[in-house]
Amino acid sequence: MKITYVGLIKVCFLVFLLLCATVLLNISWRQRDSSQSLQHCNSTCSAKYLETKLKEAHLTGRHKKWETYRLDAKPTSATGQGHQHFAKEPLQIKDLFIAVKTTKKYHGNRLNLLMQTWISRAKEQTFIFTDWEDQELRQKAGDQMVNTNCSAVHTRQALCCKMAVEYDKFVLSDKKWFCHLDDDNYLNLHALLDLLSTFSHSTDVYVGRPSLDHPVETVDRMKGDGSGSLKFWFATGGAGFCISRGLALKMSPWASMGNFISTAEKVRLPDDCTIGYIIEGMLDVKMQHSNLFHSHLEHLQRLPTESLLKQVTLSYGGPDNKWNVVRVNGAFSLAEDPTR
């Protein structure tokens, strides 16, 4: 019995030695294969090898399929403030929904200017939202004039009422971009298309110019119990702003079918501030700040003349500051062309 037990131990020891030898041999062969692969990689990944293959590709024409995919392409500044974006999609005027907010007393002096200038180049894309059924304007604009039936008084409620109608009409359209303007804005359509073409309408885009140099802080009446505060940026409506369709649809719970008015009442903010509240405060989407939009609150004479063609919107001073206009050299004097 003892002899059998000792013999079994010897057999097990021999089997163990054989297994160890097999493992060592496998490790040795794998290291050899790895060394050969590394040598092959070093030879085919060298700069000299790649340059040779690149020349061969140019000679055979095989590179043409990929020549538009430039890894070293430099993005261009889109918003005019250092923000950089790659071009996403071709854009045409027909893809825009341009909403112009106005009121009865400005149908004559302000709207006539717009109808004679930039609106004439985008008649089918521009909708005029007003508070009075003006038959003369109806004849000029047709169905592009929208009587909101909102109050003509310049109050938060009246402004939000018009913005609510603007939003709902855009959502019902098939347009890719919603752009809001005031009736004292001049719109450079080419510059607007250049700007929006750098984004995708299916992504979350909210672009405009803030009127303040800091975010607004207000009581958070929507998310919490009203004891906390919320900070957010908003694009001033006086300079104009644009929202992508993808983002506009996400705003629906707080903006569609009259909800915009109730949201504005809860947070007690005007129309453009409420837009920023919904986008930044509720949806947590950051506004794209752009200095290509301009309102009458700016010192417009400081804009360099050579940069005017690059600006998306321009404006002019009101009765209290009628000389606040851009500097433009031309055949007409300031008295003849007061809004420039």
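Numbers here mean position along the shown chain, with the first residue as 1.
Each residue, glycine too, has its Cβ placed from N, Cα and C.
Per Swiss-Prot, the residue from the list Asn26, Asn42 bearing the note N-linked glycosylation site is Asn42.
Checking the candidates Cys161, Cys179 against Swiss-Prot, the cysteine paired with Cys150 through a disulfide bond is Cys161. The cysteine that Swiss-Prot pairs with Cys242 in a disulfide, picked from Cys160, Cys179, is Cys179. Closest in space to Cys179 (disulfide bond), of the recorded positions given as Arg110, Asp272, His296, is Asp272, taking the CA atom of each residue. Considering only the recorded positions Asp183, Asp272, His296, the residue whose Cα is spatially closest to the Cα of Cys242 (disulfide bond) is Asp272.
The least crowded of the recorded positions Asp183, Asp184, Asp272, judged by other CB atoms within 10 A of its own CB, is Asp183. Comparing CA positions across the recorded positions Arg110, Asp183, Asp184, Asp272, His296, the one lying closest to Cys161 (disulfide bond) turns out to be Asp272.
Closest in space to Asp184 (Mn(2+) binding site), of the recorded positions given as Arg110, Cys150, Asp272, is Arg110, taking the CA atom of each residue. It is Cys242 that, of the disulfide-bonded residues Cys161, Cys179, Cys242, has its Cβ surrounded by the most other Cβ atoms within 10 Å. In this model, the topological domain 'Lumenal' (26-340) carries an average pLDDT of 82.
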